[in-house]
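Visitor: This is the structure, below, for whatever I ask next.
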Amino acid sequence: MAFQPGSRGGRGGARGGARGGARGGRGGFGGRGGSRGGRGGFDSRGGARGGFGGRGGSRGGPRGGPRGGARGGRGGARGGAKGGAKVVIEPHKHAGVFIARGKEDLLVTKNVAPGESVYGEKRISVEEPASEEGVPPTKVEYRVWNPFRSKLAAGIMGGLDELFIAPGKKVLYLGAASGTSVSHVADVVGPEGLVYAVEFSHRPGRELISMAKKRPNVIPIIEDARHPQKYRMLIGMVDAVFADVAQPDQARIIALNSHMFLKDQGGVVISIKANCIDSTVDAETVFAREVQKLREEKIKPLEQLTLEPYERDHCIVIGRYMRSGL
């Protein structure tokens, strides 16, 4: 019994650089870090865990090093797929639309307002050789057109034969929202073309107006597409009508605008969302009914395409407006 305190003190010395008798400040040399105080004096566990930098030393190395490096790399990749010579731009079968071939193939349009992105999309700058000798090559900027964000892009990716939207054309866009797809349509028609963008809701309408400030070929109209007579003084005759209004009476809305603004033999491109028209029947039945309504309004259907896998229960219908009747 007499020796117990002494032996405990000794044990304390071994355990913590005098955790028992003279409890040496819980850590001998270097407090909790040094050789980790001693939870075993200089034993292997203490050394490995604490070392001379303890937690900061061994763990901090990898944390600051590779992780920081990797993050930097990611940041670099995100600034837009600026491939230069690595990316090859090829024209798509639809004029004004292009394919960027690199690590992955991307649908792109030539940016009407270089340096400006609309919804955070990637931009690709490519040097195009000059047509004359002695003239430096020009940089052309393209914007990636995401088919998951745009019904028209989804239709192009799905293989639409006819688009009616091409460089120099005038397009009436119904249901413009904040201008995501409108900005790409503006790129397709180019500086010689025009896009009349009609949107009824004021909040996305504000974003549409701010986008149009940078693109002189977009004319934003904050008005109800059900009443085309309210904006008839702003719009001339157009070559194509694109509609993405998602309303039960959308066939009527398209017909009213086509009768008022669309040229004879002009194109009609309609995105149909089945659930917005009738959610009680299957999508195919809804699409068939809508196509029949278009026929009754002198719009001859040319093709119908589902937007899977980009959109569920959506289709896109291309038609030609026959003013004199089908």
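Positions of Cβ are set from backbone N, Cα and C atoms, glycine also.
In case it's useful when we look at the structure, here is the feature table from Swiss-Prot:
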BINDING   T180, S181, E199, F200, D224, A225, D244, V245, A246, Q247  S-adenosyl-L-methionine binding site
COMPBIAS  7-83  compositional bias 'Gly residues'
MOD_RES   R8  asymmetric dimethylarginine
MOD_RES   R15  asymmetric dimethylarginine
MOD_RES   R23  asymmetric dimethylarginine
MOD_RES   R26  asymmetric dimethylarginine
MOD_RES   R32  asymmetric dimethylarginine
MOD_RES   R39  asymmetric dimethylarginine
MOD_RES   R45  asymmetric dimethylarginine
MOD_RES   R49  asymmetric dimethylarginine
MOD_RES   R63  asymmetric dimethylarginine
MOD_RES   R71  asymmetric dimethylarginine
MOD_RES   R74  asymmetric dimethylarginine
MOD_RES   R78  asymmetric dimethylarginine
REGION    1-84  region 'Disordered'
Visitor: If you run the three-state DSSP split on E199 (S-adenosyl-L-methionine binding site), which class comes out?
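Guide: Going by the DSSP assignment, E199 (S-adenosyl-L-methionine binding site) falls within a strand, counted as strand.
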Visitor: Among all the protein chains here, how many other CB atoms are within 10 A of the CB of D244 (S-adenosyl-L-methionine binding site)?
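Guide: If we count other Cβ atoms within 10 Å of D244 (S-adenosyl-L-methionine binding site), we arrive at 22.
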Visitor: Cβ distance under 8 Å to A246 (S-adenosyl-L-methionine binding site), same chain, sequence separation 6 or more: which residues?
Guide: G175, S271, K273, C276
Visitor: Taking the Cβ of T180 (S-adenosyl-L-methionine binding site) as the centre, how many other Cβ atoms fall within a 10 Å radius?
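Guide: The answer is 20 other Cβ atoms.
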Visitor: Can you check which residue among the binding-site residues E199, D224 has the largest number of Cβ atoms within 10 Å of its own?
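Guide: Max Cβ neighbours within 10 Å, all protein chains included: E199.
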Visitor: Helix, strand or coil for A246 (S-adenosyl-L-methionine binding site)? Use DSSP.
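Guide: SS state of A246 (S-adenosyl-L-methionine binding site) = coil.
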Visitor: Considering all pairs of residues in T180, S181, E199, F200, D224, A225, D244, V245, A246, Q247, annotated in the record as contacting S-adenosyl-L-methionine, what is the maximal C-alpha distance expressed in whole angstrom?
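Guide: With T180, S181, E199, F200, D224, A225, D244, V245, A246, Q247 as the binding residues for S-adenosyl-L-methionine, the largest Cα distance is 19 Å.
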